[in-house]
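Annotated features in Swiss-Prot:
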- H16, D175, G176, K177, K251, F252, D260, R266, K267, A283, K287: ATP binding site (BINDING)
- D18: Mg(2+) binding site (BINDING)
- E44: K(+) binding site (BINDING)
- E57, Q100, D260, K291: L-methionine binding site (BINDING)
- 100-110: region 'Flexible loop' (REGION)
Amino acid sequence: MSRRYLFSSESVTEGHPDKICDQISDTILDALLYHDDHSRVAAEVVVNTGLVLITGEITSKAHVNFVELARKKIAEIGYTDADNGFSANSCAVLVAIDEQSPDISQGVSAAHEQRESLSNDELDQIGAGDQGIMFGYACNETPEFMPLPISLAHRISRRLAAVRKMGELPYLRPDGKTQVSIVYEDGKPVGIDTILISTQHTETIDSLTENSAVQAKIKSDLWEAVVQPVFGDIEIKPNQDTRFLVNPTGKFVIGGPQGDAGLTGRKIIVDTYGGYSRHGGGAFSGKDPTKVDRSAAYACRYVAKNIVAAGLADKCEVQVSYAIGVARPVSILVETFGTGKVDEDKLLKVVQELFELRPAGILQTLNLRELPSQRGGRFYQDVAAYGHFGRTDLDLPWEYTDKANLLKEAFAIPLSEVRVGV
């Protein structure tokens, strides 16, 4: 019997209060790793009306100006006008940073396997920075191997920010959210049920002063300048039955940190798969790659994406877990939700042979420590908004499908059937 249902995912723009915090945290991380790629960083940020608080634990040989980094990032996002209730030049920036706990540091610098003389392997030298579970996911719903709802929500958010920054819709302000509800039949996306955009805006637009007229213009402009371009190259498009909601409260003038306080790490579902896959609970931004909340989640995505790209499954979720101070994962699980084309027990063994999931191995494979210096001091801050996965606008090592051929060879599948990822 055919099953029809809706699945929804949301995204937020770079001007959302929580995303401001994520981007400042990762800007600090980039600066520290650029000057000292062995920096240990856990940078947390809070924003409110006229206030930025930078806190956390940092151990590094690098010396950077946290206040200057925060102001520069806030201005880049678009908060340069005090009328927004939050401005790069006028906000207060407070800094309260401690060093990483030596109790944690000793377990990362010398893993349990090394301290107990259980291994001389170089990749057993670094222990996990914390216990925890991490997930990675991929599916064949989009060319970038992401679920369609989150892919579209991010596209709309990025386009919304772009038309603001280009001056195409000059009345837009930095804060905004999007949400897309997809119609599924038997597990396959077949239609667009609802598109929702909430975007901060000026009180009046041109000569329009009545709020109803303002909202009508915003809705018309967003359909033409944002929604239609996003769906230009997508097979599934909105139709006459698709609901298009814009600022459903009726008004969105007060926004950004003036409207809501923001905090690093509070948009973890937006950062990953839009709720389509499970999440271990750990946030990414502000954390150096010895912290497996971040690095192992990237590695799990890398594994899952290569499995789907190799045609071994239509959907794949990878779970890995760690104990603090221990190099080797406590557990690894590969789940294909009944879409696997090969024996799953063998698939797990092949994954363990082809992919390195110890922290030092992840750092080495994905080059996570060196990327900020290799990219001119800017890397992690660019993934801090619009999702860490499925990015077609950034060159991200965990999005490579360079292991797909090896996976196929392990199961004697013709290499001509490998799908190349975006």
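Here the Cβ of each residue, glycine as well, is placed from N, Cα and C on the backbone.
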Fill in the CA-CA distance, K267 (ATP binding site) to D18 (Mg(2+) binding site), as an integer in Å. 7
Spatial neighbours of the residue listed as 'Mg(2+) binding site', counting only the binding-site residues E44, E57, Q100, G176, K251, D260 and Cα distances within 10 Å: D260
Restricting to the region 'Flexible loop' (100-110), what is the model's mean pLDDT? 67
For G176 (ATP binding site), identify the closest of the binding-site residues E44, E57, Q100, judging by Cα separation. E44
So, in DSSP terms, is G176 (ATP binding site) helix, strand, or coil? strand
I want to verify one value. Collapsing DSSP to three states, which class is the residue listed as 'Mg(2+) binding site'? helix
Span of the recorded ATP site, as the biggest CA-CA distance among H16, D175, G176, K177, K251, F252, D260, R266, K267, A283, K287 in Å, is 36
Determine, to the nearest whole angstrom, how far the Cα atom of E57 (L-methionine binding site) is from the Cα atom of E44 (K(+) binding site). 9
Chain-internal residues, separated by at least six, CB under 8 A from K287 (ATP binding site): L29, V41, A42, A43, D293, R294
Hey, what's the widest CA-to-CA gap across E57, Q100, D260, K291, the L-methionine contacts in the record, in Å? 30
Validating a neighbour-count step here. Other CB atoms within 10 A of the CB of D260 (ATP binding site): how many? 16
